[in-house]
Each structure stands twice: as structure tokens, then as C-alpha cells.
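Over in Swiss-Prot, the protein carries these features:
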ACT_SITE  157  active site, nucleophile
DISULFID  47-79  disulfide bond
DISULFID  129-159  disulfide bond
CARBOHYD  87  N-linked glycosylation site
CARBOHYD  138  N-linked glycosylation site
CARBOHYD  184  N-linked glycosylation site
CARBOHYD  292  N-linked glycosylation site
CARBOHYD  391  N-linked glycosylation site
CARBOHYD  409  N-linked glycosylation site
CARBOHYD  410  N-linked glycosylation site
SIGNAL    1-24  signal peptide
């Protein structure tokens, strides 16, 4: 399996992308089969949350047409509970009633009445990342509580881990963005690495997450709760994430700047063999509309996350979003690919462009991507990773899904009907390939259809 970019040979890497994922966590009602679509409070508000902000987001999902496009989860992140501790009598986590005067159950009812679902946050430790009560050792009672409240989604973080639950070995997550620190996707300065034959399924991290998985499955007769693992890519989660949860973080936190987005996209491009129905790599929540990202960078960020079939969890204040950013989040071509009910695999890089193929480069991830759809169309992305404008060309004979789909042996005269996914405009019958001038960090998204 291609893993953590330690392989640079193109043949070995390409073969790895064809491997089947591990046994997945399959739910009888279909929850978690496709990557999640929704909103989360953290990137927009951090700890400064309350019922009004969550309900505003929920109403905006409806009013802006996002619900009609499939966005359904409204997720409360950290800082929702009483920080001083659990209920001394029941042992349950208590919602902070100054922030949520109707409790979480009351808020859940209001969100459900909008035809949406609600998510909540905890951690596989004693405390959350912000120091609030977490769920390690209390998995059963917390799962029961969440089910009783009407929770539909659990984001489960990796903070507050006590010493006796820490892993025996360290794991390499090469997401520093610094090629000197992580040359070719490695961690040469990693302290206490595991032996090559070590099975990370036996790690304490994997066990902490399995405990909550089992607790959630134990209340499944009352409520199905999507399980989103947030262990930052630690403990080789790609190997056991699909059998434990519905999605799993494959890196550290995102931030609203291009170097961080590029770093995460680069790392995830080497780990896409883990993605299929029921299990999805999570490169973290969307930053579309946040920070000082250019419009081009917002487009590239969303297009890559959608093409990789990552969870698309909006992280901006929806009552303040402008039309340009809303249009990106609402792109029907990318969302159709992302939510394809018959094809679970994501788009894969087929050419690196700026670098030789299979180069691990946080500043210049793969630039050419393609993926199939159940309609027979092919999604093609071209990314400009350079710091200035540059031309990019998708040559049809190089796109894996287009090979063999013509009568001219993939000659330069082969033509396909092409649609620009950003404008929705038909580009007509395009012969041989398509060239476009892209601004720095922008992406072209094409839908390639029948021969012509």
C-alpha cells in the first residue's frame, strides 16, 4: 500500500492506489457511506459559541440553498459543556445552559425541525483540547447521552490523553510543510519509531477510538451517530480508520492560508487508497471564506477536498458569507462527483506537472487529477501550484479514464464534449486536450463527457 509517501517509484505507487480498503464500518441505514456534508462551529467561532450562532448557521444552510445541495450536518465543536466537570450524581456531561438555555436536546429538536442533523464534539481523553470534560472511560454513558439528546454526528478529538493511554511508539505524520523536516514524506528525526512489523491496530490510540465506536454501536437501535475520528493522522489511522469510524483525520489542523492547504493536499494525495464507500480520509474542515485566501485559493481548496471525497464541513460564518464563496461551496458538478452513489473512489492524481510524478512536495502537490462518475463523465482538475500565472494543459490521452474511449487510438484528433465546472458553460467539442491560463493557486475543473 502506498503510505506516507515513502515510495517514489511511479509503478509501485500507482499499483498501491488500486488496493482495496480495509473492512469498513457499514451501517444498515446507509449513514457514513458517502462523505459527510455540513457545517462546524470551530473555524468560525472557536470557543465563542451559543445556541443563537448554531441556529443561525442551521437556518442559513436552509436559506442559502445548501440543504437542497446535500449539506445536512450542523456540528457543535468544543466548549459546549460545563467546564468544571460532570454531574456528580449521574456522571453525565452537562451542557452549559448559559450558552445553550434549552440544552443540547432542545437545540437538536430545533435543528431536526429544519430537516437537518446535529453533531457534537468530544475527545478520546480525559479533557477536550480546550480543557472541557471528555469521554475516555465514559464512552458508554456519553454515547447513551448523545443518543438521548438526538445527536447524529460525533467529532472525536485526540486531546487530554493520560500517560497510561499513550502509545508505546511514535508515528510519522509528515505534515510540517518543511521539506527539510519531512524529506520525501519521511520523519528522520522521529523519536522512538515503531518496528517495521508493528501493527498499529494494537496501539492504545486505536483502542481508545474503538471503545467509543463500540459504545456508539451499542446505542444504534436508538440512534445512528456518524463517527468522525480526529486523531490527526496518528497511529497509522489509515490502516484502521475505516473499521472504526466513518472518517478519520489524516493530518494536523488546517488553517486559512495556502501553504497549509497545499501541505495537507500533498500529503493526502499519497493516501487516497484508503478512501471508498463507508470510509473517508479527512483533511480537516473547510476554510472557504476564511482568512486571506484569494478567490483562486478558495476554489482550489474546495475542488481538491471535493475531488478527494473528503468530508466537506463548512467552517465559515454563513450569515456573513459573500456570493463568490457561496458559489464555490454550491458547485453542483463537484458536489455531484463527491456524492456519487455508485462510485466510492475519489479522483486520483495522474500527473504531477510541476514536479516529476510521485514527488512529495508540500509547496507543489500534484497538479493533474481525474476521477470517474457513474454517469460516464470524467472529472478532470488542473491546478497551478506556482506563485504566478501559468498555463496548464489536460491531454486526453494522458487521462486514465479517457483511454480506450475513442476510435482513434487516443490520437491528437480525439475529441470530447467538455463543460467548465466553474461557469457551467459548454466548451464544445475539444480535440486532443484543453489548455487554460490559471492564476496562482487556481484550479480548472472540467467535466469531460462523450466523444465528438
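From the backbone N, Cα and C atoms, a Cβ is placed for every residue, glycine too.
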Minimum Cα separation from residue 79 (disulfide bond), reported as the residue among recorded positions 87, 157, 184, 391 that achieves it: 157
For residue 391 (N-linked glycosylation site), the three-state class that DSSP assigns: strand
Count of other CB atoms lying within 10 Å of the CB belonging to residue 157 (active site, nucleophile): 24
Integer Å distance between the CA atoms belonging to residue 47 (disulfide bond) and residue 129 (disulfide bond): 11
CB contacts for residue 87 (N-linked glycosylation site) [other CB atoms within 10 A, all chains]: 10
Glycosylation sites listed as 184, 292, least Cβ neighbours within 10 Å: 292
Under 8 Å by Cβ from residue 391 (N-linked glycosylation site), same chain, sequence gap 6 or more: 435, 436, 437, 438
Structural state of residue 292 (N-linked glycosylation site), classified by DSSP into three states: coil
